[in-house]
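*Asks:* Would you mind keeping the following structure in view while I ask a few things?
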Amino acid sequence: GMTRAVGNLCFPVFFPQLAGGIILGVALWLRHDSQTTNILYLQLGDKQAPNTFYVGIYILIAVGAVMMFVGFLGCYGAIQESQCLLGTFFTCLVILFACEVAAGIWGFVNKDQIAKDVKQFYDQAFQQALMADSESSNGKAVVKTFHETLDCCGPDTAVSVITPLWRDDLCPKKDSLLETFTQSSSCHKKIDELFSGKLYLIGIAAIVVAVIMIFEMILSMVLCCGIRNSSVY
């Protein structure tokens with residue numbers, strides 16, 4: 001009877017692989033998303049675009065990869081009916097759970113800060129691009145990348161209507177003057193949307209996985225007790 005039970009219990013222990021796969025997928029998508037990579041790889045003079053965003057993603061990638069491995073460990077422990085392996089599995093889950101919660105909290109806490117840093121970086125580039133000696137710096141190139149990637153023009157709404165008229169070389173070309181007025185959106189708003197939205201996703205992914213892991217921990221304890229009891233008789 002015990003081996004059949006273990007066989008059934010090996011199926012739920014497969015969840016860490018699933019959860020790990022979900023995290024890895026989300027993290028790699030965020031890491032290689034063209035909008036964020038376009039912006040975060042920019043350099044203004046010798047100043048690099050703020051890269052804090054990637055810290056959260058790298059935590060997720062690490063957690064996802066380790067989780068997939070831990071899933072195998074739990075399954076193997078269940079088949080072998082090894083308390084030691086299941087104990088290790090449980091310990092790994094607890095550590096991963098802590099990392100997960102940390103990544104989730106980190107995402108929510110840094111949501112506004114990251115957008116703020118990127119906005120500051122953009123503003124500096126915008127100022128440099130507007131200066132007469134902007135040929136000497138790459139401010140213009142940086143600003144154009146922001147504008148084209150996010151389809152925006154100028155830091156705020158007022159400026160985004162004036163800028164295309166005043167410096168049409170900086171903004172994405174629109175078909176008509178009317179479009180220029182109606183479709184120009186401020187880059188600050190677009191930066192907020194980009195990072196808040198993405199970090200929100202990191203937070204949600206972290207919470208979903210944390211829930212799966214609580215379920216896992218309970219299961220591995222049940223399994224462990226089951227093995228302990230069966231070895232007594």
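Glycine too: its Cβ is placed from the backbone N, Cα and C atoms.
Bear in mind that TrEMBL entries carry predicted annotations, made automatically and left uncurated.
On a predicted model such as this, the values are computed, not experimentally measured, just so you know.
Annotation source TrEMBL lists disulfide bond at Cys152-Cys187, Cys153-Cys171. Among the features that TrEMBL reports, transmembrane segment is placed at 6-30, 51-79, 85-109, 199-223.
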*Asks:* What is the interatomic distance between the Cα atoms of Cys152 (disulfide bond) and Cys171 (disulfide bond), given in whole Å?
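*Replies:* Cα to Cα, Cys152 (disulfide bond) and Cys171 (disulfide bond) are separated by 7 Å.
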*Asks:* I'm trying to understand the geometry here, so how far is the Cα atom of Cys153 (disulfide bond) from the Cα atom of Cys187 (disulfide bond), in Å to the nearest whole number?
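*Replies:* Cα-Cα distance, Cys153 (disulfide bond) to Cys187 (disulfide bond): 6 Å.
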*Asks:* Measuring Cα to Cα, how many angstrom lie between Cys187 (disulfide bond) and Cys171 (disulfide bond)?
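*Replies:* With distance taken Cα to Cα, Cys171 (disulfide bond) is 11 Å from Cys187 (disulfide bond).
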*Asks:* When a 10 Å sphere is centred on the Cβ of Cys171 (disulfide bond), how many other Cβ atoms does it contain?
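*Replies:* There are 22 of them.
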